[in-house]
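Engineer: This is the structure, below, for whatever I ask next.
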Amino acid sequence: MKFKIATIPGDGIGPDIIEQTILVLEKIGAKYGHQFEFQEVLAGGCAIDAVGEPLPQETIEVCKKSDSVLLGAVGGPKWDNLPGNGRPEQALLGLRSALGLYANLRPAVLHEALKDACPLKPEIIGDGLDICVVRELTGGIYFGDRGRRPEGKLGEEAYDTEAYSVGEVERIAKTAFDIAMKRNKKVTSVDKANILESSRLWRSVVNEVAKQYPEVTLEHMYVDNAAMQLVRDPKQFDVMVTTNMFGDILSDEASMITGSIGMLPSASLGEGGLGMYEPIHGSAPDIAGQDKANPIATVLSAAMMLRYSFGLEEEANTIEEAVTKVLNLGYRTGDIMSAGMKLVGTKGMGKLLIDAI
Ligand SMILES: NC(=O)c1ccc[n+]([C@@H]2O[C@H](COP(=O)([O-])OP(=O)(O)OC[C@H]3O[C@@H](n4cnc5c(N)ncnc54)[C@H](O)[C@@H]3O)[C@@H](O)[C@H]2O)c1
Ligand SMILES: CC(C)[C@H](C(=O)O)[C@@H](O)C(=O)O
Ligand SMILES: [Mg+2]
């Protein structure tokens, strides 16, 4: 089969990890007889430098005409002093919103071979850890009214607003329950309903949606407690569903369950088949262009693309099995390195994965 993939390397380590992921996809294409057609487009800081804006219209058009989007990362210190709405990170929000990608799936799975890289105690890890964070992605405080008042005057204040509609909560709750039905049938909804009105609405809508899923156990948890419980007893979680900002923070925390933020992939999905796939980490300016970045989170995001956008389950499994195989052989990038293991760079890890496929 033939698939069109828009690629957005972006900034920092983005080009390093996307290069390896494209090579992995090409290998999958050769093995299974698929043709992946890649079209690279600009977004983020590199787009600001090239054309003066973080998200050129052409990028949105190319993404909309593609079968899916593969993104590296955007942002970096070079653009840190730009005003909020001109920053590289706005490209991400613009893409998520323009493509209607309201559901962000962030699976945190600890590979058996990486138990040593996980900072949690062996008795907490037990026989392994596997949590799926379902993050609402096109609403909440990221997209609410914001500004300064009175602008530029003495005593100026700044504000950001969190707002959620019933429909927005309903659809992300359904996504979470559907995923839980295919996993261990437990949903933990994370909010701050002891303070926020938007969270009180969130909680009541999640309770309503839960009635359609009698087999799933629903639990509500305040976000501060959830942050603590993720470290104290992560095994209590199966699917965690939460707001845009809480999901951003909790998924970085959950990434340590996997051993490193360089291991955690994501899929951003909407109503149609078009999805955007990206690692949850950022552009890691401290290691950019040094052949040090772990490409596995991006490679695993490509596996999610094959599964969710293209329906290529076997091909997705092949990528995931290749990751497991290479880790079992003892190869590690710096972020997941531990005693006695073999250190490789971004390119070396990419080559090992391709050979394993
Ligand atoms: N999706 C995205 O494009 C995205 C996500 C998060 C942050 N950002 C942006 O990235 C920039 C840097 O942000 P930050 O430093 O807060 O977060 P970051 O995720 O880029 O880096 C945090 C730490 O994790 C390490 N790290 C991240 N990915 C890694 C990988 N694949 N392999 C090995 N180590 C890795 C980095 O070296 C750094 O020490 C900022 O401009 C931020 O806005 C972009
Ligand atoms: C860079 C930033 C806008 C982005 C977010 O907060 O959504 C990132 O942290 C992520 O997790 O994808
Ligand atoms: Mg984040």
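The backbone N, Cα and C atoms fix where each Cβ goes, and this holds for glycine too.
Curation does not apply to TrEMBL; its annotations are automatic.
Since we're looking at a predicted model, the values are computed, not measured.
Per TrEMBL, the features are:
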- 4-353: domain 'Isopropylmalate dehydrogenase-like' (DOMAIN)
- 76-89, 282-294: NAD(+) binding site (BINDING)
- R96, R106, R135, D224: substrate binding site (BINDING)
- D224, D248, D252: Mg(2+) binding site (BINDING)
Engineer: Based on Cα distances to A284 (NAD(+) binding site), point out the closest of the binding-site residues R96, R135, D224, D248.
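Structural biologist: Comparing Cα positions, the closest of these binding-site residues turns out to be D248.
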Engineer: Could you check which of these binding-site residues, R135, D224, D252, sit within 10 Å of G76 (NAD(+) binding site), going Cα to Cα?
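Structural biologist: Checking Cα-Cα distances against G76 (NAD(+) binding site), none of the binding-site residues falls within 10 Å.
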Engineer: Quick one: of the binding-site residues G76, D248, D252, A284, flag those whose CB is under 6 Å from ligand 1, and say none if nothing qualifies.
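Structural biologist: If the test is a Cβ under 6 Å from any atom of ligand 1, the answer is G76, A284.
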Engineer: Take every residue in the domain 'Isopropylmalate dehydrogenase-like' (4-353), average their pLDDT values, and give the whole-number result.
Structural biologist: 97
Engineer: CB neighbours of D80 (NAD(+) binding site) within 10 A?
Structural biologist: 11
Engineer: Near G84 (NAD(+) binding site), which residues of its chain come within a Cβ-Cβ distance under 8 Å, counting only those 6 or more away in sequence?
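Structural biologist: Result: Q90, R146.
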Engineer: Could you check which of the binding-site residues R106, D248, K292 have their CB within less than 6 A of ligand 2?
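Structural biologist: With ligand 2 as the reference and 6 Å as the Cβ limit, the list reads D248.
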Engineer: Want to know which binding-site residues, from P88, R96, R135, D224, are within 10 Å of D248 (Mg(2+) binding site) at Cα; which are they?
Structural biologist: R135
Engineer: Could you tell me which of these binding-site residues, D224, D248, has the greatest number of Cβ atoms within 10 Å of its own Cβ?
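Structural biologist: Per the Cβ count within 10 Å, the most buried is D248.
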